[in-house]
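Right, one structure below, let's go through it.
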Amino acid sequence: MIVVTGGAGFIGSNLVKQLNAQGRTDIVVIDDLTDGTKFVNLVDLTIADYMDKDEFQARIVSGDEFEEWDDGIEVIFHEGACSATTEWNGKFIMEVNYEYSKDLFHYCIEREIPFIYASSAATYGGRNDNFIEDPKFEQPLNVYGYSKQLFDQYVRRWMPEINSQVVGLKYFNVYGPREQHKGSMASVAFHLNTQVKQGDNPKLFEGCDGFPDGGQMRDFIYVDDVCKVNLWFWQNPQHSGIFNCGTGRAEPFQNVAEAVIKHHQQGAIEYIPFPDHLKGRYQSFTQADMTRLRGVGYDGEFKTVAEGVADYMAWLNRA
């Protein structure tokens, strides 16, 4: 069985979709459906089983071998987390993102099960120079980023003793289908689309940190491309480590807004004051250093903002 934690969430459900496209349906989704709206991400997918994340964690900790699943667990894609960068309940974040990840990690390395997990570019924080997979370049701005940083550090300490595949992927700004349940944490493309559909102009922040209005830049990566990287590592088990998962290109938020406007053929960008609560806690620039990912042989192409947002708009506004 293939296990996808967070499988009803944004990246997890897209990963299940790509696995289905490869003919794999022996998939167990692990998630927390307290927010029942996430079920819509699964209705067009084929899976073998679903399990609540708390039950799964309890069975993992107890050393359960999941004999009801044929041949046990083949791989764990660990996409489940509290991904809200605005969540400041540190106890909750550390339990869900750090402790849970450690439990899965130890279960996998003890049984030599491939373990591919979601890290985050939030570990880099407000740096605007080096986005290289090295602790000296990490300075997270929020407790979410810290929880991801700490788990990366934990994995790095264990790596010399591990005989099976362990891969951490530092996701940059991911956008695309099946993120509607994320509310305020959904991508800028999602929110701008909603604004234009409601007859409003798409709104971007005024300039800050030396960037012009709408000119703050991020490494935006389409969710399909993120899933392809995950699956490539699983198919290349000789590679382990922590890798950036971005495009290597920083593009301004203005490019996202222009792609949304182009799809709808209406609207003009409006600039709004930069929120006080984000000052000093905002990444005005991110750009993945792709040296390590390319160095292990990943040669897939990444959509530009214009290409990816066009695909996403077609999906969001389908009849």
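Backbone N, Cα and C atoms are what each Cβ position is placed from, and that goes for glycine too.
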Pick the one from K136, K148, K228 that Swiss-Prot also lists for the NADP(+) site with F10, I11, D31, D32, K38, K53, E79, G80, A81, C82, S83, V174, K182.
K148
What Cα-Cα separation, expressed in whole Å, is found between H191 (substrate binding site) and K182 (active site, proton acceptor)?
11
If you count Cβ atoms within 10 Å of each one, which of the binding-site residues D31, E79, E206 comes out on top?
E79
Which of these binding-site residues has the least crowded Cβ, counting other Cβ atoms within 10 Å: A81, V174, C208?
C208
Measure from the Cα of Y144 (active site, proton acceptor) to the Cα of every one of the binding-site residues D31, S83, V174, then give the nearest.
S83
CB within-chain contacts under 8 A for S83 (NADP(+) binding site), separation at least 6:
S120, Y144, K182, M185
Would you work out the biggest C-alpha to C-alpha distance among N173, S184, H191, F205, E206, G207, C208, R218, Y282, the residues that bind substrate according to the record, and give it in angstrom as a whole number?
21
Expressed to the nearest Å, what is the distance separating E79 (NADP(+) binding site) and E206 (substrate binding site) at their Cα atoms?
33
